[in-house]
Amino acid sequence: MTKKLHIEALRIIAIFLVIFNHTGTFGFQAYLKTNSGILYIIYLFMAIICKIAVPIFFMISGALLLGKEESISDLYKKRIYRILIVLLLFSFLQYIYSIRINIGNFNIIEFLKIIYKSPIVTPYWYLYSYISFLVVLPLLRKMVKNMDKTDYKYLFGIWILFTFITSIIEKQVGLSINARLTCTFLKDSIFFPIVGYYCENYFEDYKRKNVLIVVFLFSILCVIISAYFTWSEISMTGDFKTQKWLGAFIAVPTIFTYLFVKLIFDKITVNEKTSNLLCTIGGCTFGIYLIEEFLRRLFLYKFIYLLKPFIKTMPACLVTVTLIIIIGSIIILTLKKIPLLKKIL
């Protein structure tokens, strides 16, 4: 099957942002360390935009999987089984590493209890969420086949009501909506795959300049509101590390990014070398995600401190994230030469 270049580009953007999200005050929360008002705003905007990473991955999953014809047995054999193996294998490696570092005792029962209850390392929460998406995938496939344009507008209207408006009321009025009034379809692992499927297969209006401009302006508004709410939360509570509002309105910037990248690749002709590079790195992003915790422990601080005499901390952080992706790609390409690992990476 021919790979879609905009999908590969989106994967690379998403993995870059995933790693950047884990760089602490070197990058992701650099706004906490600056005395410059302008840099504070720029860095805070970067932290908010960073939150599109996982939603992009979910949109890609919806774009590629919701339209497929596949039996439930094949779904479990080919997809859910693979992710379960990945979860067990890489959680086990993380567990062994943790025992070695903390000089603990190996206990397989304890390991199984840990991964049943919570991710062995924080970034692996995505695997659990992705499994939940795969489990309901057959139902979502039947649903989207019968959805028309009005239904998608209704879904986005629900997001505006139950996420956008209620969040503003919560922050500005101090009144939270009843927890029982939450909408299941706004869960990331449901909402973004459905939106991704629509954007990929049916939403042709993105080619109209005025439509994309409206989505862009709404995206900017969402980022500005998130930034203001985050600044306000820090000022009122003194909790400098709060991330409560960073991703609160990220749906619109995520959708804009997806449509904008798709439009770019619709308009340009990519040469073979660039195409191969995008496909190669894009094909490594899942593997990079699985080992980025190891890579950050090994290289993040070292690379940043090596670069800091020559460039400022933020550029050093961005270069370091890029280097981690390059190193991760080399490692994953090497691991893919092992037949068993090739099937799961």
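The backbone N, Cα and C atoms fix where each Cβ goes, glycine too.
If you look up TrEMBL, you'll see 7-327 marked as domain 'Acyltransferase 3'.
Annotated transmembrane segment per TrEMBL: 12-32 (among others), in sequence order.
Beyond the ends of the transmembrane segment (38-67), by six or more residues, the same chain brings 7, 10-11, 13-15, 17-18, 20-21, 27-31, 126, 130, 133, 137, 140-141, 144, 188-189, 192-197, 199-201, 223, 226-227, 230-231, 246-247, 250-251, 253-255, 257-258, 314 to within a C-beta distance below 8 angstroms of the stretch. Marked as transmembrane segment by TrEMBL: 38-67 (among others).
Same-chain residues lying 6+ beyond the ends of the transmembrane segment (79-97) with a Cβ under 8 Å from its Cβ atoms: 106, 111, 114-115, 119-121, 124, 127-128, 130-131, 134-135, 137, 290-291, 293-294, 343-344. According to TrEMBL, the transmembrane segment annotation covers 79-97 (among others).
The transmembrane segment annotation in TrEMBL covers 123-140 (among others).
Positions annotated as transmembrane segment by TrEMBL: 152-169 (among others). Same-chain residues lying 6+ beyond the ends of the transmembrane segment (152-169) with a Cβ under 8 Å from its Cβ atoms: 175, 177, 181-183, 185-186, 191, 194-195, 198, 202-203, 222, 225, 245, 248-249, 251.
Taken from TrEMBL, the feature transmembrane segment applies to 211-231 (among others).
Look at TrEMBL and you will find 243-261 (among others) tagged as transmembrane segment.
Taken from TrEMBL, the feature transmembrane segment covers 273-291 (among others). Long-range contacts of the transmembrane segment (273-291) within its own chain (CB-CB distance under 8 A, at least 6 residues past either end) are made by residues 3, 5, 7-9, 11-12, 14-15, 18-19, 86, 90, 123, 126, 324-325, 328-329, 331-333, 335-336, 345.
When Cβ-Cβ distances below 8 Å are used as the criterion, the transmembrane segment (311-335) is approached by residues 12, 15-16, 19-20, 23, 26-27, 30, 43, 280-281, 284, 287-288, 291-292, 295-296, 299-300, 303-304, 341-342, 345 of the same chain, each at least six residues removed from its ends. Annotation comment: TrEMBL describes 311-335 (among others) as transmembrane segment.
Counting residues 6+ beyond its ends, the transmembrane segment (123-140) has Cβ neighbours under 8 Å at 18, 22, 54, 57-58, 61-62, 65-66, 70, 72, 75, 79-80, 83-84, 86-87, 90-91, 94, 188-190, 193-194, 289, 292-293 in the same chain. Looking just at the domain 'Acyltransferase 3' (7-327), the mean pLDDT is 94. Taking Cβ pairs closer than 8 Å, the transmembrane segment (243-261) reaches residues 6, 9-10, 13, 47-52, 55-56, 59, 159, 163-164, 167, 171, 191-192, 195-196, 199, 203, 206, 212, 215-216, 218-219, 221-223, 225-226, 229-230, 233 in its own chain, all 6 or more past its ends.
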